[in-house]
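**Student:** Dumping the structure here so I can ask a few things about it.
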Amino acid sequence: MMNPLIIKLGGVLLDSEEALERLFSALVNYRESHQRPLVIVHGGGCVVDELMKGLNLPVKKKNGLRVTPADQIDIITGALAGTANKTLLAWAKKHQIAAVGLFLGDGDSVKVTQLDEELGHVGLAQPGSPKLINSLLENGYLPVVSSIGVTDEGQLMNVNADQAATALAATLGADLILLSDVSGILDGKGQRIAEMTAAKAEQLIEQGIITDGMIVKVNAALDAARTLGRPVDIASWRHAEQLPALFNGMPMGTRILA
């Protein structure tokens with residue numbers, strides 16, 4: 001079996017039927033012309049935000065990570081492992097793709113520990129066992145994995161989806177693409193940066209050009225590139241016509257170098 005490709009979905013993608021239609025059409029085209037197994041990892045911050053707003057619950061973030069108190073983890077689990085995950089499975093079904101919905105704890109695929117007590121139920125993802133997902137891939141299924149994990153003590157954890165995708169890529173020896181709302185990392189003039197090193201990223205963070213959630217995304221991509229020993233791409237889902245080429249290894253956004 002070829003090494004898998006993990007496609008991490010993020011941003012407002014899950015909120016846009018047009019975007020999901022484009023994405024799944026691209027996935028169908030890719031699967032028809034390539035034998036390479038695919039895995040989807042997703043968060044769903046927009047789904048969570050809508051739910052929290054409807055319940056009049058405050059959304060707090062610290063260093064770009066969502067603070068998840070004990071009384072909110074059940075709600076966030078329902079939004080990510082429930083609504084967001086099953087929405088993607090429904091789109092896969094619509095496009096005749098045999099998909100299986102998972103969370104990080106299934107088959108111990110990704111190990112999770114608590115990241116920081118101040119963040120509450122927020123987990124740190126580390127590589128786990130490839131057995132379950134490899135078995136699904138060998139049988140032609142598309143695993144769709146939410147970024148909810150569980151600790152060895154049985155505590156549910158909300159994991160940053162970029163970090164979750166990185167840990168799963170390390171588990172499977174997979175390549176990784178981080179799809180987001182933006183076409184890559186932008187410089188101070190709003191121009192896309194084609195390649196990014198750790199030194200360049202540190203410089204842009206110090207200058208305040210890379211901020212908030214993008215810091216988390218860039219650090220996750222740098223961590224992934226180092227862990228995997230190969231480049232990681234950050235790109236946009238907005239250009240559907242480019243997605244099959246992107247999935248095939250053509251750089252379309254910002255390529256993060258190890």
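One is the number of the first residue shown, and numbering goes on along the chain from there.
Backbone N, Cα and C atoms are what each Cβ position is placed from, and that goes for glycine too.
What you are looking at is a predicted structure, and each value in this text was computed from that prediction instead of being measured.
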**Student:** Per Swiss-Prot, what member of Asn134, Asn139, Asn158 joins Gly44, Gly45, Arg66 in binding substrate at one site?
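**Tutor:** Candidate in the recorded substrate site: Asn158.
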**Student:** Pairwise over Asp181, Val182, Ser183, Gly184, Ile185, Leu186, Ile209, Ile210, Thr211, annotated as binding ATP, what's the top Cα to Cα distance to the nearest Å?
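**Tutor:** It comes out at 17 Å between the most distant Cα atoms.
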**Student:** I need the CA-to-CA distance for Arg66 (substrate binding site) versus Asp181 (ATP binding site), whole Å please.
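**Tutor:** Rounded to the nearest whole number, the Cα-Cα distance is 18 Å.
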**Student:** Of Ser183, Thr211, which of the binding-site residues has the most Cβ neighbours inside 10 Å?
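**Tutor:** It comes out as Ser183.
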**Student:** Comparing the binding-site residues Ile185, Ile209, which residue's C-beta has the most other C-beta atoms within 10 angstroms in this structure?
**Tutor:** Ile185
**Student:** Can you name the residues of this chain that are 6 or more positions from Gly45 (substrate binding site) yet have a C-beta less than 8 Å from its C-beta?
**Tutor:** Gly10, Arg66
